[in-house]
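> Following this message is one structure expressed as structure tokens.
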């Protein structure tokens with residue numbers, strides 16, 4: 001019945017598109033919506049949310065849009081992602097201070113701490129040298145998460161990677177090596193010089209982060225401690241040399257502060273957010289599984305984690321800051337597994353939708369961006385509605401073999417069979433773990449160096465415009481929220497900062513518009 005209905009809708013759309021008035025009326029509706037943006041939202045951002053799609057370059061956004069539509073029975077190209085509905089779009093220049101094509105650590109320092117930094121380092125300026133512990137001290141830089149906490153807001157981190165991975169770690173850590181997940185990953189000389197591993201810094205640098213959810217359990221426990229979920233698998237055992245149980249220490253510290261530790265989906269949903277002030281959720285020893293492989297009984301989705309996080313954080317009358325990372329988009333691309341990467345992007349878009357339903361554009365600035373891109377592309381003159389994972393409609397005129405629309409510039413998908421390019425028609429190229437063909441053989445596909453998009457909505461979102469340096473992002477978010485160094489333009493009424501406010505009527509119209517989109 002659903003298939004018949006979708007086919008009927010598709011055929012009706014095909015007929016509509018033949019009529020010029022269809023396109024003209026669509027454009028006029030879009031124009032009418034655009035004209036409402038002449039009245040700028042100049043409220044103070046009580047809440048600020050950053051959604052970071054790790055590796056979510058513009059080609060990934062476009063392909064995810066098509067996938068989202070095709071998952072609901074549409075052609076896909078005409079679909080809107082939730083981020084597509086945001087009124088303001090800019091471009092971000094992603095280079096690190098020492099790298100034309102960046103990594104996730106230096107970029108995280110830029111969009112969280114507001115300064116460009118070297119590749120491989122988090123929460124330190126470009127004066128710090130990668131892996132050289134003695135260059136840390138004096139070069140630390142703080143993040144917008146700390147600025148928000150210092151201003152009395154609640155703060156949270158939600159990620160599908162380890163909570164001490166590159167992106168989230170820049171929110172709280174100061175480390176010259178992004179791979180120093182625990183002290184078991186650090187060289188002896190760094191430990192002797194007083195440098196701290198990232199997991200330890202998570203609990204010590206800003207000890208009262210209100211919500212932390214993601215993976216990374218094994219870096220919190222003493223070496224050889226069996227994992228609670230996989231006790232028979234030694235690769236998931238604890239990694240700490242110092243013998244500390246960081247989860248146990250956190251639990252002891254928070255037991256009288258309505259703090260809870262959970263490690264599975266069931267325990268997470270047994271909590272009433274109204275009765276929780278602090279939450280630590282570590283759902284896997286390392287990264288969370290891909291969304292396509294997630295055990296829905298044991299691991300929460302990104303959308304579910306965001307839902308719980310906002311319900312806890314929004315209880316603070318001063319508002320909140322939330323960092324959300326769709327971190328495994330990046331991993332899917334590195335593996336050459338485009339299907340995994342794109343489904344991760346679609347799941348992050350669901351989380352954006354959920355966040356929008358739980359907040360208001362009247363007082364919440366929401367920004368969606370990426371740290372960098374990938375050498376991922378799709379092309380080949382595919383027909384309208386072609387499966388995003390499907391074949392191009394033409395053969396190569398060089399080797400007379402078919403090829404998929406999705407290709408990588410480099411990566412593990414480079415395969416020669418009997419001295420020639422693999423014939424993709426002989427393999428299941430729509431399999432979840434199919435590795436798309438690549439031009440250059442590498443064990444891991446690389447990042448791309450082009451600009452990435454910044455989508456924004458809410459108070460002062462219009463300040464994210466044009467082509468900007470990546471480190472500009474947290475400065476805008478802080479300015480909108482009257483935190484950090486950006487307070488001179490704010491004045492206080494009854495203890496709360498305020499700017500010149502838009503009218504209640506416009507606020508209502510804006511809210512209705514976003515709910516209807």
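From the backbone N, Cα and C atoms, a Cβ is placed for every residue, glycine too.
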> Match it up for me: which of 176-198, 199-221, 222-244, 245-267 does TrEMBL list as region 'Disordered'?
222-244
> Looking at the binding-site residues 54, 165, 325, whose Cα is closest in space to that of residue 371 (Zn(2+) binding site)?
54
> Rounded to a whole number, how many Å is the Cα of residue 167 (Mg(2+) binding site) away from the Cα of residue 104 (active site, phosphoserine intermediate)?
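With distance taken Cα to Cα, residue 104 (active site, phosphoserine intermediate) is 6 Å from residue 167 (Mg(2+) binding site).
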> If the Zn(2+) site is taken as the center of the Cβ atoms of 54, 330, 334, 371, 372, 447, which further residues of that chain fall within 8 Å of it by their Cβ?
55, 103, 104, 329, 333, 370, 373, 374
> What same-chain residues lie close to the region 'Disordered' (222-244): Cβ under 8 Å, and 6 or more beyond its ends?
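For the region 'Disordered' (222-244), the nonlocal Cβ contacts are 181-185, 199-200, 263-264, 284-286, 298.
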> Of the residues in the region 'Disordered' (222-244), how many are helix, strand and coil by DSSP?
3 helix, 2 strand, 18 coil
> Non-local Cβ contacts of residue 330 (Zn(2+) binding site) (under 8 Å, 6 or more apart, same chain)?
54, 55, 104, 341, 374
